[in-house]
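Q: I'd like to ask you about the structure that follows.
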Amino acid sequence: MNRDSFAAGERLVSPAYVRQGCEARRSHEHLVRLLLEKGKCPEDGWDESTLELFLHELAILDSNNFLGNCGVGEREGRVASGLVARRHYRFIHGIGRSGDISAVQPKAAGSSLLNKITNSLVLDIIKLAGVHTVANCFVVPMATGMSLTLCFLTLRHKRPKAKYIIWPRIDQKSCFKSMITAGFEPVVIENLLEGDELRTDLKAVEAKVQELGPDYILCIHSTTSCFAPRVPDRLEELAVICANYGIPHIVNNAYGVQSSKCMHLIQQGARVGRIDAFVQSLDKNFMVPVGGAIIAGFNESFIQEISKMYPGRASASPSLDVLITLLSLGSNGYKKLLKERKEMFSYLSNQLKKLSEAHSERLLQTPHNPISLAVTLKTLDEHHDKAVTQLGSMLFTRQVSGARAVPLGSVQTVSGYTFHGFMSHADSYPCAYLNAAAAIGMKTQDVDLFIKRLDKCLKAVRKEQLQENDVSGIDNCDKTKDVETAEVAFKPDNVLLDM
């Protein structure tokens, strides 16, 4: 209500009570005014009543919510289901216009304002997370893979001769397919094994640049967040190569916002060399539903070019989700989550180390990976992938999600390209292993329950192996015999107890 409404209310209710209510409303409005003036994430999170008041005020600025609105076009914000309308807080028009996802819609001032505020808050959080010199960013309603494709398509117009993308190998399908979908030929650079870690082969990257010719290379497509034992690419050195040869550099920073180390690599890469854009997922970094990403960079005009490449309007749902989340958390709440994630990484690392030693395994030493960990599975029959994959399936059926059991020698074809040792980021990694990650939002009880279930599953798989060996007459202590083992059906009832 405005001042006139409050004044009218004083004729019905005690003026003192109305003034008290008016002051309470002003406190909500003060938070909204500060948000619009500063364009930064508030330090302390908002309560739900302030959030809902704010969203309602924005929504009534859209034409579909005007009283007496007469829409005679093909896109008038009509929604058949009231449940759908409420789910979207009556933001129906989406964001952007046909020529630019960041443009303001005449019919939807509220949705446009929501979009601008969200992009401003996300930019503030990226700076808070460690990339202090980022110039611009925007939320796009596509996951990371398609957002990378949008970046590559934007570069196409700048580099008409280019047909290749140089890509230090990471065994994750969407980032690989993003290059294929954009119409380019990925040039896969195998990683170097340094201790337990798989690291960027810088000499091979530079040699391939010289072999193909800089004009024929669209960009180098590097990665920060990844599954151990692969670790983040050597971004600083790659950025220098890109600067020296005049080649664009696109970084897949899928879940790197939650890691100060990943964000520091991006900041340093931009400082010493060239990084054109870096792309990160909304769901992995901000705990919202899947379907959105952030495209950010250090050259404001290039990021604007990418936003103009997006054809048509776009869904406002990812922007709305992350806006609500950031306003609920505040910058202090988000920083607390980042701090807790680091603590969970240390805790998970310690617990996995203890468990692995108890099972005569070891935690792989991957100090350059700040999120993911890996434990060897050497004591399983790793040269036959049955035991390794069985461990993975047992964990999944016991409601452990996200853990990856990686056997030796898997072969997979993706978009016509064949990868040997798929999922291990190398043709022949020395051992099979199990992955686990400490991502934002993880709690101590998650780690404890995972360790308990992993312990039981490891024991169950080994028991199964012993039973198979007994049936086939193999001496369990003699690992040199090349005898075909008998197949024994897996009986889940033996290992389901107390899981």
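Cβ atoms are placed via backbone N, Cα and C, with glycine included.
TrEMBL entries are annotated by machine, without manual review.
So TrEMBL lists the following for this protein:
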- Arg75: pyridoxal 5'-phosphate binding site (BINDING)
- Arg97, Ser98, Gln105, Arg313: substrate binding site (BINDING)
- Arg271, Arg398, Lys463: tRNA binding site (BINDING)
- Lys284: N6-(pyridoxal phosphate)lysine (MOD_RES)
Q: Relative to the Cα of Ser98 (substrate binding site), which of the recorded positions Arg271, Lys284, Arg398, Lys463 has the closest Cα?
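A: Comparing Cα positions, the closest of these recorded positions turns out to be Lys284.
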Q: Which has the fewest other CB atoms in a 10 Å radius around its CB: Lys284, Arg313, Lys463, the listed recorded positions?
A: Lys463
Q: Starting from the substrate site formed by Arg97, Ser98, Gln105, Arg313, give every other residue of that chain whose CB sits within 8 Å of the mean position of their CB atoms, in sequence order.
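A: Near the substrate site, beyond Arg97, Ser98, Gln105, Arg313, sit Gly94, Ile95, Gly96, Gly99, Asp100, Ala103, Gly312.
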Q: Starting from each candidate's C-beta and looking 10 angstroms out, tell me which of the binding-site residues Ser98, Gln105 has the most other C-beta atoms.
A: Gln105
Q: Other than its own, how many Cβ atoms are within 10 Å of the Cβ belonging to Arg97 (substrate binding site)?
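A: Around Arg97 (substrate binding site), other Cβ atoms within 10 Å: 18.
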Q: Considering the binding-site residues Arg75, Arg271, Arg398, which residue's Cβ sits among the greatest number of other Cβ atoms within 10 Å?
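A: Output for this query is Arg398.
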Q: Between the binding-site residues Arg75, Arg271, Arg398, Lys463, which lies closest to Arg97 (substrate binding site), Cα to Cα?
A: Arg75
